């Protein structure tokens, strides 16, 4: 659990980078053998790419580092429960373990809305550990959206 807290802290640092860019503050870290091999934060608005989620970018970077699309032996740390797209990418990249901070009751596909990561009819499943630094991860998101709503009201 100590390593999980450390790596989630790094994911939170990535999420803060996203917030500074006006992106939804979500950050991701991928480790292998307790070493960080990839890090990323949301860039969807910056790149105007619907797939530029933190998890998706981190997975692409990790695959490049390892020279393989199979990310066996890796752990993905992400500040928000993965969405359907990211959960699919996790399954397809064979990541065996996912650790996330905040639940996403409206779009989470790692147990909240549905659980694609442990779907028995897929040929790969991931262990999911949730709630690591949940409060810090949740606060980043709620603060971001509160400020976004306040800014929209002040411009109207």
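Glycine residues also receive a Cβ, built from the backbone N, Cα and C atoms like all the rest.
Straight from Swiss-Prot, the features:
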type	residues	note
DOMAIN	2-120	domain 'CMP/dCMP-type deaminase'
BINDING	53, 83, 86	Zn(2+) binding site
ACT_SITE	55	active site, proton donor
Between residue 83 (Zn(2+) binding site) and residue 55 (active site, proton donor), what C-alpha distance do you get in Å?
9
Under 8 Å Cβ to Cβ from residue 86 (Zn(2+) binding site), same chain, six or more residues apart: give me those in sequence order, or none if nothing qualifies.
53, 55, 56, 78, 109
Beyond the listed site residues 53, 83, 86, identify every same-chain residue whose Cβ lies within 8 Å of the center of their Cβ atoms for the Zn(2+) site.
54, 55, 56, 82, 84, 85, 87, 89
Which of 53, 55, 83, the listed recorded positions, has fewest other Cβ atoms within 10 Å:
83
I'm checking region-level scores; what's the whole-number mean pLDDT for the domain 'CMP/dCMP-type deaminase' (2-120)?
97
Per DSSP, how many helix, strand and coil residues does the domain 'CMP/dCMP-type deaminase' (2-120) have?
49 helix, 28 strand, 42 coil
